[in-house]
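Structure first, then comments.
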Amino acid sequence: MTILNHTLGFPRVGLRRELKKAQESYWAGNSTREELLAVGRELRARHWDQQKQAGIDLLPVGDFAWYDHVLTTSLLLGNVPPRHQNKDGSVDIDTLFRIGRGRAPTGEPAAAAEMTKWFNTNYHYMVPEFVKGQQFKLTWTQLLEEVDEAQALGHKVKPVLLGPVTYLWLGKVKGEQFDRLSLLNDILPVYQQVLAELAKRGIEWVQIDEPALVLELPQAWLDAYKPAYDALQGQVKLLLTTYFEGVTPNLDTITALPVQGLHVDLVHGKDDVAELHKRLPSDWLLSAGLINGRNVWRADLTEKYAQIKDIVGKRDLWVASSCSLLHSPIDLSVETRLDAEVKSWFAFALQKCHELSLLRDALNSGDTAALAEWSAPIQARRHSTRVHNPAVEKRLAAITAQDSQRANVYEVRAEAQRARFKLPAWPTTTIGSFPQTTEIRTLRLDFKKGNLDANNYRTGIAEHIKQAIVEQERLGLDVLVHGEAERNDMVEYFGEHLDGFVFTQNGWVQSYGSRCVKPPIVIGDVSRPAPITVEWAKYAQSLTDKPVKGMLTGPVTILCWSFPREDVSRETIAKQIALALRDEVADLEAAGIGIIQIDEPALREGLPLRRSDWDAYLQWGVEAFRINAAVAKDDTQIHTHMCYCEFNDIMDSIAALDADVITIETSRSDMELLESFEEFDYPNEIGPGVYDIHSPNVPSVEWIEALLKKAAKRIPAERLWVNPDCGLKTRGWPETRAALANMVQAAQNLRRG
């Protein structure tokens, strides 16, 4: 029983983000389709070769995607929304990009598919759309072509396919409502056809991803698995693949399926290996997801060995990454600026492949010397002074309930704030950022590269802040912002100014399409060595008599958009960040800043996959926000900003944040989101976004007025604010000026009644 290793998928973008550059060049019309396809071929060949060189036995094929793998599956099944279809029904790479980016075959704008988070990761997928009576057929054969490609290169491959039940679960019904699960029998023949084609190519194992099996699924969905897999059995061996959580609660459903193996995430799940071994059919292969595919930390392989060794020789066993390595940067070896000690604690995708090879070899031979050697740095980290800051740990331990309570209730605070700011009815503001022009980006880049000294950099930033204030005063906004010219990214900026974080040069991870992010890494206890935003906020406030908002990114968002430590809980990290930012609130207040916004766009997306785990998360998430904000005096107004499409299931927690004002994204849902706030009888002030900043379209005064009147039917007008639905960083100045002028005019019209 020789143990093999495999990965569930590999990063697609390339070490130097070659895929991103090729996509954007093609979209801009600067390169041909052939040139784009050639970059894809080159990247796939390189990535298979790199995994093989690192000792991976079975290489994943089908993990590459031109936009995202769920969209690839939609095209495979011929599921193209009518507005994006070619007249002759054909499907090509442009069809795929149109669904992702929003264009009709004629070149006219046509709404892109909705995009949402892939389970609880920071990766996104395009949501499949289903209509009643829909037909499916094998249409886009990218998977089969890539299998041919890999086999021609002499590789031993394992195709990767998103499973039928999870695919339907991830989609949404459009138009007349019906149960999308009823489409299962219509898509199964396409899956049968794909598996038959793979069998023809001599494929032994297919990795069929059903991550929905880690969720608390409705019974009807659990019941759908057996007939689905009865229909798919027999052509090739199926490795039923789950990740991001454990499978024990759904194990009875799983063990009844006619598959030949099961992959489980032994990093994020709480499944017990001995229990799994006992309950799985004895002839099944177990793929043990022991190496974390979602983080950047070197594994303690001695621990991983101990976790699995008792079942070695008792059943067929593979060792694997917990999930696809898509969520990890590619290669640590190109990081030249990381301190040697810190660098020794990390492993990126290629290093994780090496870990899988070390683990496989040790399990096959019983010789663990190499594991001990590999694990030494991560074991030494436990005692590093870079990790532990006694002052932070002491302060965290001393938190009391009082630390998360404002001095008085909202009604008392609102009176103090009205007396201080004397704002008109329908007060106008923006969410924080203004257009990041080429000049601003060049200024920051020159400073970062050392081509510009600190004095000239500061003079340049001050000039852009001054311009933002002048623009806002000219437009007649009531509460101003400094525009965030000095910030590259709302999380990275704070991470760079807090102790306990490090940054990589090339640690890029795909978010969706061509968008990549470079998350900060939390390596130790978090603290604030010096004020972060105070100087620029104070400068902006000195330029105007109107209030200027201080702008902070909240603790839960900083946590969710970073690679967290693995040696303490997420709650601990969030509260450490909250304490650091609490001091920032106090300093902003002392500097005369009376309105402070703490953005928490990630509060909802941090929710655990299982609803039964939500309460615990929301409790500490809300507490972290309140620790951050509660130091503010009554007449300091705390704002928060959130952008999601779903509030009703967490309204209690939104209200529990106790922010004086919440601004939300509502324009795309035509104010329907406010229903949740109305039904809940939300007590504080609210700024429903009146226009969609993701679109270059300028909303008319009438359109904004109509939306605000609609909002006033749900929320008392005296508690409403007027604002766009998100920051304006990605927009140009001409449309920003035009849209804000119309927004201010609409508010003035409503004041006149």
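Quick reminder: no glycine exception, Cβ is built from N, Cα and C everywhere.
Swiss-Prot lists H694 with the feature active site, proton donor, giving sequence analysis as the kind of evidence. Over all protein chains present, the Cβ of H694 (active site, proton donor) has 15 other Cβ atoms lying within 10 Å.
Non-local neighbourhood of K117 (5-methyltetrahydropteroyltri-L-glutamate binding site): Y123, H124, E605, each in the same chain, at least six residues away, with C-beta under 8 Å from its C-beta. Annotated 5-methyltetrahydropteroyltri-L-glutamate binding site per Swiss-Prot: R17, E18, L19, K20, K117, R515, C516, W561, E605, in sequence order, evidence recorded as sequence analysis.
Sequence-distant neighbours of G432 (L-homocysteine binding site) (same chain, 6+ apart, CB under 8 A from its CB) are V481, E484, K549, M551, Q597, D599, H641, G727. What Swiss-Prot records for I431, G432, S433, E484, D599 is L-homocysteine binding site, and it gives sequence analysis as the kind of evidence.
Here Swiss-Prot flags I431, G432, S433, E484, D599 as L-methionine binding site, drawing on sequence analysis. Sequence-distant contacts of I431 (L-homocysteine binding site), defined by Cβ-Cβ distance under 8 angstroms and a gap of at least six in the same chain, are V481, Q597, H641, T663, N723, P724, D725, C726, G727, L728. In the three-state DSSP assignment, the secondary structure recorded for I431 (L-homocysteine binding site) is coil.
For E665 (Zn(2+) binding site), the Cβ neighbour count at a 10 Å cut-off comes to 22, with all displayed protein chains included. Taken residue by residue with DSSP, E665 (Zn(2+) binding site) is part of neither helix nor strand, so it is coil. What Swiss-Prot records for H641, C643, E665, C726 is Zn(2+) binding site.
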| message | Among R17, H641, the binding-site residues in question, whose Cβ has the most other Cβ atoms within 10 Å in this structure? | response | H641
| query | Could you state the CA-to-CA distance between C516 (5-methyltetrahydropteroyltri-L-glutamate binding site) and S433 (L-homocysteine binding site) to the nearest Å? | reply | 20
| remark: Quick note, S433 (L-homocysteine binding site): same-chain residues at least 6 apart with CB under 8 Å of its CB -> V481, G483, E484, R487, G727, L728, K729
| field | Extra residues within 8 Å (Cβ to Cβ centroid of I431, G432, S433, E484, D599), L-methionine | value | T430, V481, M490, M551, Q597, H641, G727, K729
| request: Using DSSP with the three-state reduction, classify H694 (active site, proton donor) as helix, strand or coil. | output: coil
| said: Same chain only, sequence gap of 6 or more: which residues have a CB within under 8 Å of the CB of C643 (Zn(2+) binding site)? | reply: P601, I664, E665, D725, C726
| note | Note on Zn(2+): the CB centroid of H641, C643, E665, C726 has further same-chain residues inside 8 Å, namely I431, P601, M642, T663, I664, G689, D725, G727
